[in-house]
Structures are given as C-alpha cells and as structure tokens.
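As recorded in TrEMBL:
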{"type": "COILED", "residues": "279-313", "note": "coiled coil"}
{"type": "DOMAIN", "residues": "314-503", "note": "domain 'Histidine kinase'"}
{"type": "TRANSMEM", "residues": "45-62", "note": "transmembrane segment"}
{"type": "TRANSMEM", "residues": "69-88", "note": "transmembrane segment"}
{"type": "TRANSMEM", "residues": "94-118", "note": "transmembrane segment"}
{"type": "TRANSMEM", "residues": "130-152", "note": "transmembrane segment"}
{"type": "TRANSMEM", "residues": "178-196", "note": "transmembrane segment"}
{"type": "TRANSMEM", "residues": "203-221", "note": "transmembrane segment"}
C-alpha cells in the first residue's frame with residue numbers, strides 16, 4: 001500500500017513537473033517524511049526497502065529520463081527522520097510537533113541541496129537544477145507532511161464504534177453555513193486563478209489565499225493545513241486548463257508559501273484559542289475557590305456569632321442571676337446589720353455588685369446585642385446611636401434606612417451591625433465631626449454608607465488603624481468591598497461597604513449550574 005501510494009503521488013507530481021527526479025522529490029517526499037517520522041522506528045527498513053524498489057522500478061521503466069540519484073533520495077529522508085525522531089517523543093503539545101515537522105522539512109530540503117551541490121559537477125547539473133530540486137522537496141514536504149500528520153492525529157483521537165442498528169438513528173450534524181462559506185472562498189480562489197492571474201496577479205494571489213486564511217482563522221491549524229492541501233489540488237487542476245503561472249517553480253513556490261501561511265496562522269490561532277480556554281478554566285477554578293472561601297468566611301462569622309450568643313446567654317443566665325442574688329443579700333445584710341461597720345461593708349458589697357452588673361450588661365451588648373435579634377438591624381443601630389450619646393458631643397446623626405428584615409440573613413445582619421459599631425466608635429473618639437450620615441440601601445447587595453464632616457483619617461491609618469483594617473479584611477472575606485475616601489479640607493471621611501447577601505450568593509450559584 002505504501003509503494004502504491006508513492007507511485008500514485010509520483011504520477012500526480014509529473015503533471016506539475018516533467019522531470020521524473022523532480023516529480024520523485026515533490027509529493028512522494030511528503031509521504032516519505034510523514035511515514036518515517038510517525039511510524040515505528042523498527043519498521044524503517046521496510047519503508048526504506050520499498051522506496052529503493054520503487055526508485056529501481058522507475059529507473060527500469062524510464063531508463064532515458066530517470067536519474068540514478070533517485071536511489072539516494074530515500075536515504076536522505078531516512079537521515080533527516082532519524083535526527084527528528086530523537087526529539088519527537090519528548091514533545092506533547094501539537095504546536096511543538098508541528099514546528100518539528102516544519103524543521104524536518106527544512107532539514108530535508110537542506111540535505112537535498114547539499115547532496116545535489118556535491119554531485120553537481122560529476123553529474124553535470126547546473127544551478128537551475130539544484131534550485132528546482134530544492135523547491136520541489138520543500139513544496140512536497142510542507143504541503144503533504146502536515147496534512148498526513150493531521151489525518152494520523154484525527155485517526156488516533158477518533159472514537160470508533162462498531163457497526164450496529166443503533167447507528168442508523170444517530171443524527172448527522174452538518175454545518176451548512178460554514179460549508180457554504182468554505183465553498184464560496186474556494187470558488188473565488190479558483191475563479192481568480194482562471195481569470196485574474198495574468199491581469200491582476202497580486203490581487204488574484206490574495207484571493208487564492210482567502211480559503212486558507214478563513215479556515216485557519218475558524219479551525220486553527222487543522223483548518224489551515226486542510227485548506228492548504230485543497231488549495232494545492234485546485235491550483236494544480238486549474239493550471240492544466242488555463243496554463244496559469246509562468247513556470248513550474250513559480251507554482252511550487254506559491255504552493256509552499258500558502259502552505260506556510262496556513263500552517264503558521266493556524267498554529268498561532270490554535271495557540272491563542274488554547275490559551276483562552278486555559279484562562280477560562282483558571283478563572284472558573286479561581287471563582288469556585290473564591291466562592292468556597294466566602295462560604296467558609298460566612299460560616300466562620302456565623303460560628304463566631306453563635307459562640308458570642310452562647311456566651312452572652314450564659315453571662316445573662318448564670319452571672320446575672322448570681323449578681324442579682326448578691327445585691328439582694330447585701331441589701332438584707334445592710335438592713336439587719338447591728339453596727340455601722342457591718343452596714344458599710346454590706347453597702348460596699350452592694351455597690352461592687354452594681355458595678356459588676358453594669359459591666360456585665362455592657363459586655364453583653366458588645367458580645368451580642370439582644371435588640372438585634374428582637375427588633376432587627378435598624379432598631380439596633382438607632383439604639384446604638386442613642387447609647388453613644390452623640391448629641392451630648394454636639395454631633396447630629398442622620399439615619400436613612402429602609403431594610404426589610406426578611407431579606408437579611410443572620411451573617412449579613414451581624415456584620416453590618418459590627419461595621420456600624422466600629423465606625424461610630426471611631427467617629428466618636430477621633431473624627432471631631434458635627435454631622436454624621438448613615439445610609440443603608442437594600443438590593444442584590446447591601447450598600448452601607450457612613451460619612452462625616454470631621455478631620456479625616458491620619459495618613460498612617462493603614463498602620464495604626466487595626467479596627468478599620470480588620471473590617472476591610474472581614475468584608476473582603478465575605479465577598480464584599482470596602483471603599484474609603486478621606487480629606488482634611490472640611491469634607492471628612494466617607495466609607496462605602498458593598499456586602500452580598502446570602503440570597504444573592506445562592507442565586508449566583510444556581511446561575512452557574514450548567515443546564
């Protein structure tokens with residue numbers, strides 16, 4: 001089968017070159033390079049013997065026109081393939097293998113040129129013959145070898161199913177739009193070669209290249225290689241009818257040029273497409289990891305608040321009752337005391353118990369304000385403003401909130417409360433403001449805005465402001481953003497927090513599920 005294919009390609013090549021040796025170096029070279037490179041090295045002697053027998057048969061059939069150098073050409077292919085095969089197993093990416101194929105074709109062309117240069121004087125061959133043989137070798141290799149690699153790659157990765165009645169019911173999906181575009185471009189190229197090549201040669205050559213460029217752009221290196229091979233068939237066929245191209249060398253040079261264009265453009269586009277897919281996969285993986293980290297952060301916040309709530313409940317139930325009992329007992333001891341010293345001691349115990357009770361209540365508010373669970377976020381913030389006594393400091397606080405409590409999950413509600421608590425505490429201690437404005441806008445994300453007309457933040461607040469830094473890290477961990485602008489020119493500080501709710505995160509996850 002290999003010898004029959006070689007002989008058939010040699011006959012096809014004779015339509016483009018009437019020199020049997022040049023025809024032997026044209027398309028048969030592409031087949032030899034592909035077989036020697038892609039087949040197992042253990043069978044190299046089989047292919048070499050077949051090539052020698054075919055060359056000998058041609059010499060016997062055409063003793064007057066043939067050249068004994070045909071017997072030497074298979075050895076040149078074998079030498080180039082041996083060098084290339086040393087690197088072939090190490091390559092795993094398609095573009096690396098294609099570049100090696102191009103290097104193999106160029107190496108073989110150089111070896112052919114060296115061979116004819118060394119034998120030019122003994123065989124009385126001129127420079128034109130040397131150039132013609134090199135061009136034929138280059139054209140046959142660059143046109144046919146990548147195409148055969150494409151076929152081998154397709155057969156290697158194609159899933160073959162045994163014939164069965166079920167295959168009858170499988171629909172064949174055709175792409176008529178792409179087929180029509182390809183047919184249009186090939187028709188334009190053929191028409192340009194038949195009619196415009198003599199009058200407007202540069203324009204005609206550009207039109208002939210359109211199918212190669214189009215398929216390379218659409219299908220990458222596979223489309224470029226396939227279009228180049230089909231274009232060569234059209235060029236060779238049209239030349240038999242129209243006599244286009246002034247010489248065989250000109251036709252072969254254009255064939256090799258458009259093959260290089262299709263292969264190079266196809267490799268670049270396939271590489272770009274592969275990088276885009278890789279980037280998309282990395283973005284998807286990073287987005288998944290980010291969502292997982294945000295879920296983990298929300299769980300940590302939820303666990304933290306559950307612990308705070310549990311500790312607050314224990315403080316209220318156990319320590320609160322004990323302190324109340326101490327107060328009652330100290331009051332009874334003070335009334336029943338028989339001397340002033342005992343009454344003073346009981347009064348001191350009662351005073352200490354009262355202070356412990358007040359400290360415990362303050363600690364309970366810091367751990368978990370009960371009003372946040374009972375009346376919701378808006379009432380909790382309003383009470384927080386009242387407890388911090390901004391009016392006594394000469395500050396006016398305006399609240400603009402219209403939050404539906406049912407749309408807030410516990411993690412978002414607690415996080416917003418903690419943020420407002422920290423920001424109001426900083427304003428009360430450091431801002432020296434006269435007006436404070438707090439706004440909360442519901443939506444797919446909760447947007448909290450806190451601004452004042454104070455002295456602004458110090459320049460080194462990122463180093464000193466551990467509270468603000470902690471808020472920023474917490475908001476970022478929950479998938480939100482904290483933006484801060486500050487100025488000392490009577491404009492104060494403005495802080496905007498965007499925090500996704502649990503519902504928006506759930507909707508995003510459902511939207512990412514493939515359907």
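Even glycines carry a Cβ here, placed using N, Cα and C.
Counting only same-chain residues 6+ beyond the ends of the transmembrane segment (130-152), those with a CB under 8 A from a CB of the stretch are 9, 13, 17, 19, 21-23, 25-31, 33-35, 37-38, 97-98, 101-102, 104-106, 108-109, 112-113, 116-117, 120, 222, 225-226, 228-229, 232, 248-249, 252-253, 255-256, 259-260, 263. If one looks beyond the transmembrane segment (69-88) by at least 6 residues along the same chain, the residues whose Cβ comes under 8 Å of a Cβ in the stretch are 20-21, 24-25, 29, 32-33, 36-37, 41, 44, 47-48, 51-52, 55-56, 58-59, 97, 100, 103-104, 107-108, 111-112, 115-116, 119, 123. Residues of the same chain lying 6 or more positions beyond the ends of the transmembrane segment (45-62) and with a Cβ under 8 Å from any Cβ of it are 2-3, 6-7, 10, 20, 24, 32, 35-36, 39, 68, 70-71, 73-75, 77-78. When pLDDT is averaged over the coiled coil (279-313), the result is 81.
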